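Take a look at the structure below.
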Amino acid sequence: MQLNSTEISELIKQRIAQFNVVSEAHNEGTIVSVSDGVIRIHGLAECMQGEMISLPGNRYAIALNLERDSVGAVVMGPYADLAEGMKVKCTGRILEVPVGRGLLGRVVNTLGAPIDGKGPLENDGFSAVEAIAPGVIERQSVDQPVQTGYKSVDAMIPIGRGQRELIIGDRQTGKTALAIDAIINQRDSGIKCVYVAIGQKASTISNVVRKLEEHGALANTIVVVATASESAALQYLAPYAGCAMGEYFRDRGEDALIIYDDLSKQAVAYRQISLLLRRPPGREAFPGDVFYLHSRLLERAARVNAEYVEAFTKGEVKGKTGSLTALPIIETQAGDVSAFVPTNVISITDGQIFLETNLFNAGIRPAVNPGISVSRVGGAAQTKIMKKLSGGIRTALAQYRELAAFSQFASDLDDATRKQLDHGQKVTELLKQKQYAPMSVAQQSLVLFAAERGYLADVELAKIGSFEAALLAYVDRDHAPLMQEINQSGGYNDEIEGKLKGILDSFKATQSW
């Protein structure tokens, strides 16, 4: 087919009219060095702090060092095939993770990708991993409890919704067990949970997920995983990603609980990144901003007022407060709580639960040391009945510890001292609790009432455990309505006191333990 000159000129005019002159501008740079997951890039003049940088192979790095001639970034994922001379691009975006109810019951990695083989996520949107914590005016005081199901914690170291309570102790003292039981106890409370596993073995995390599923708590929980085999960048970012997922519920007038297991490993990962970025080291080779690393994370755990929730949801949710309660875990070395990271986190949080190796090895589990454990704001959140009955327990244990130390040097003790020692031993025995067996408020209240009112005086020390088990079985069988009433109201008055006394009198008469 031959075209004449008129057709050719018409075709050229048509092409010129349709020609699109839109150009795409992007900030491009070149990798100049790669070492242990840290890359140095030349040419990204307009890069932002914390910006995602697009790498070859659909991977990303995060810009952490902005220098005069180069940018230092950490690679999120494998980096073995990255080499000098490769081209990279700025994205203009800060790292975001998927959030929403569709994540409940799922196991995801730091970037929010599912790793449990249950198919794609049904997320409600994305949220930036780094967010500014709510201000003072947007907060509300902590006055509602988070029940862990442990007698020793709920009675003596109560935790409130929106509080940050540190769990601290050496390895193998039951820190994770305490946190997992706290999650299991929330399965019927309406509190959504987020468990962030940092630098742990994949087999350990798999075991935790299985236990949560067995006890019906996984459906209410998001598990965020950065295993020991993953890069330091992913371990460093995992707590922030988990926090963003928890904030989704807080900002919509719901209650959430987040466990960081553990922040010691996050600090070590951040130290590794900082040293590779050639930042000046400080005490214990940690960088100067390691305090800020944890403070900006833990300050995001808060109870926010109804005005904040209403403004955030644009009027969809009214009259509801939201909360994010944090239980960070710190591992100490040989009980040294005065090390750099432990002292930092102690000063940031609203209290701490100390778990001791000596108590754990002596069979006192949970191995909580009530003498140096404290909850600075949780007392206001305690239910009325627990507040009334727990005061005597703390006093009894304090007196027992003092007398036990004194009695080692004294041969003959008077009757009053012997009674106090005996009572302290029985209370210590009573506070022991098996793993994966959290107790309701009513069950704890009944047991504490028995201890405080002297019902254990004629029970042998070896039979305290069987006495408690038989008592709880007895009330579940014959007095379930009263237990339900206490669980719902948490109140305490003369009528409830009389009923508890009647239950214990009738139970003691059966001698069934």
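Glycine too: its Cβ is placed from the backbone N, Cα and C atoms.
The feature ATP binding site is assigned by Swiss-Prot to Gly169, Asp170, Arg171, Gln172, Thr173, Gly174, Lys175, Thr176. What Swiss-Prot records for Ser373 is site 'Required for activity'.
Gln172 (ATP binding site) sits 18 Å from Ser373 (site 'Required for activity'), taking the C-alpha atoms as the reference points. Across the structure, Thr176 (ATP binding site) and Ser373 (site 'Required for activity') are spaced 17 Å apart at their Cα atoms. Remark: of the binding-site residues Arg171, Lys175, the most isolated position is Arg171 (fewest other Cβ atoms within 10 Å of its Cβ).
For the binding-site residues Gly169, Gly174, the ranking by surrounding Cβ atoms (within 10 Å, all protein chains) places Gly169 first. The ATP site is defined by Gly169, Asp170, Arg171, Gln172, Thr173, Gly174, Lys175, Thr176, and by the 8 Å test on Cβ atoms against their centroid, the other residues of the chain that qualify are Glu331, Leu355, Thr357, Phe360, Ala367.
Around Asp170 (ATP binding site), the same-chain residues at least 6 positions away in sequence with a Cβ under 8 Å from its Cβ are Glu331, Thr332, Gln333, Ala334, Gly335, Leu355, Glu356, Thr357.
The most densely surrounded of the recorded positions Gln172, Thr173, Thr176, Ser373, judged by C-beta neighbours within 10 angstroms, is Thr173.
DSSP assigns Thr176 (ATP binding site) to a helix. Among the binding-site residues Gly169, Arg171, Thr173, Gly174, Lys175, the residue whose Cα lies closest in space to that of Ser373 (site 'Required for activity') is Gly169.
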